[in-house]
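Novice: Feature annotation from TrEMBL assigns signal peptide to 1-22. Residues or ranges marked as disulfide bond in TrEMBL: 31-45. What TrEMBL lists as domain 'Cupin type-1' is 59-208. For 105, 110, 115, the entry in TrEMBL reads oxalate binding site. The Mn(2+) binding site annotation in TrEMBL covers 108, 110, 115, 154.
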């Protein structure tokens, strides 16, 4: 009897879990983001009667961004839910990344999405780090695709004397981006100097010098 009761409890729990996961799927045709609404793990739905074609349209990825005024020589133009409200609840978004000659999209991660890039122009050196510290890298050229797993540190570098650009696709409407340098050395409030000095085997003066380069203006 005890065994059958255990089986019954386990079965009920599995069914409840399955139902909970199923309920996370969309229960309507669309959920255009109300960008002015209060966010609770995403945006609330706009009144369906107020939905327009413009909620699903964006032309911001058509042209190259200006990379001349960026410190790394790269510029990201996002096409996420904040630019295309119709992407809300769809679990997808796109961005364009442009690289000046010698430009770098420095090591960063997307906590909520995997990423795949399609090279529009030029060629790049790209890669990501596994949690065991293995570097998976490759030189890619126009027409190539390369994928980066969710939440792993990755980068793209343009080692050439001509510009390059890619289209990036994400499996999240709002993938988020966390860059290593600004996150650690530009945190607000700041991470203590002695903590960073020990973590990177540097002196506190060196840490303060690095922090100075990431201070928000």
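Sequential numbering from 1, following the chain as shown.
Cβ atoms here come from the backbone N, Cα and C positions, even for glycine.
Automatic prediction, not curation, is the source of TrEMBL annotations.
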Novice: Measuring Cα to Cα, how far is residue 110 (oxalate binding site) from residue 154 (Mn(2+) binding site) in Å?
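Specialist: Distance between the two Cα atoms comes out at 9 Å.
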Novice: Please report the distance from the Cα of residue 115 (oxalate binding site) to the Cα of residue 108 (Mn(2+) binding site), rounded to the nearest angstrom.
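Specialist: The separation of the Cα atoms works out to 12 Å.
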Novice: Can you figure out which of 105, 108, 154 (the binding-site residues) comes closest in space to residue 45 (disulfide bond), comparing Cα atoms?
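Specialist: Result for residue 45 (disulfide bond): the nearest of the binding-site residues is 108.
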Novice: Which one is it: of the disulfide-bonded residues 31, 45, which Cβ has the fewest other Cβ atoms within 10 Å in this structure?
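Specialist: Lowest Cβ count within 10 Å among the disulfide-bonded residues (31, 45) is 45.
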Novice: Give me the sequence-ordered set of same-chain residues, not including 108, 110, 115, 154, with a C-beta within 8 angstroms of the centroid of the Mn(2+) site's C-beta atoms.
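Specialist: Leaving out the recorded residues gives 109, 113, 128, 148, 152, 153, 175, 177.
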Novice: Tell me the residue counts in helix, strand and coil for the domain 'Cupin type-1' (59-208), as DSSP assigns them.
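Specialist: Each residue of the domain 'Cupin type-1' (59-208) counted once, the result is 22 helix, 57 strand, 71 coil.
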